[in-house]
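Undergrad: Please see the structure below; I have some questions.
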Amino acid sequence: MLDEGFEPDIVTHNIMLEGLLRSKKRTTHPQEPVVGKNTDVGDSIVQKSGIKSTDVVLEIGPGTGNLTKKLLEAGKMAVAIELDPRMVELQPRFQGTPFSNRLKGDVLKTDLPYFDICVANIPYQISSPLTFKLLNHQPSFRRAIIMFQREFAMRLVAQPGDTLYCRLSVKTQLYARVSHLLKVGKNSFRPPPKVDSSVVRIEPRKPCPQVNPKEWDGFIRICFIRKNKTLGSIFRIKNVLSMLEKNYKTLQALQQLQNGSSGSRNSDRPTNHRTTVET
């Protein structure tokens, strides 16, 4: 399992409809790609999703349903999650189609159903928690195509040596293969946002790396505690050494307590004596 140890930055786009309750903190619905303007963003997203005719598609933030229609044409069924209650009107629009499920609630608080492909257009400030919620999802999905704010997307795909390489890059790429698919300009949306966007593909690694998420996150936090410092110099910082020593002693104490408790339970068990009968 992963934790969401990053400050939320930005957001994305997904497949069908759902009437989720709008929270006070996220009052702006994500902009919807305009189909047919210069580049057909919707067609590009569907094409790069690699949807099969047998796939169940999860769409987060369907808006007015322009992309939903294309997703239904490509896959077996679509399930939609939508924060804005005004978008519930999409339900009658797709009546009689494989679009059947409507999940109500905040996507970050909703138990996600089974899906093969995820397509998302979400409020930018939940980009990080949603990314790790998806990577935590079991059973694992095949692919997620998400629209993020450009800077967040570039951090996701950054490689060692890049200026934007950070904890987010390391943590995400441990659990998934991440690649940048296409840039999306402001004028491709209605209404146009203040920032540029990028579409990113996320494919969970299989099998999932077996690491302790809290320990891994703590280790990565130390590695990026100071910018432009080598790992050697970071692990010679007095405060870091002191913290590591304290944590190690705490771990030893806990292990001793567990071993002592286990030994005590074993000593309390009655001894079974075997009697041998000679004939």
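A Cβ is built for glycine as well, from the same backbone N, Cα and C atoms used for every other residue.
Feature list, courtesy of TrEMBL:
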BINDING   G61, E82, D106, N121  S-adenosyl-L-methionine binding site
COMPBIAS  266-279  compositional bias 'Basic and acidic residues'
DOMAIN    41-206  domain 'Ribosomal RNA adenine methylase transferase N-terminal'
REGION    257-279  region 'Disordered'
Undergrad: Within a 10 Å radius around the Cβ, which one of these binding-site residues has the most neighbouring Cβ atoms: E82, D106?
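TA: The most densely surrounded of these binding-site residues is E82.
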Undergrad: Just to confirm my parser: what is the rounded mean pLDDT across the domain 'Ribosomal RNA adenine methylase transferase N-terminal' (41-206)?
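TA: Result for the domain 'Ribosomal RNA adenine methylase transferase N-terminal' (41-206): average pLDDT 87.
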Undergrad: Relative to the Cβ position of N121 (S-adenosyl-L-methionine binding site), how many further Cβ atoms are located within 10 Å?
TA: 28
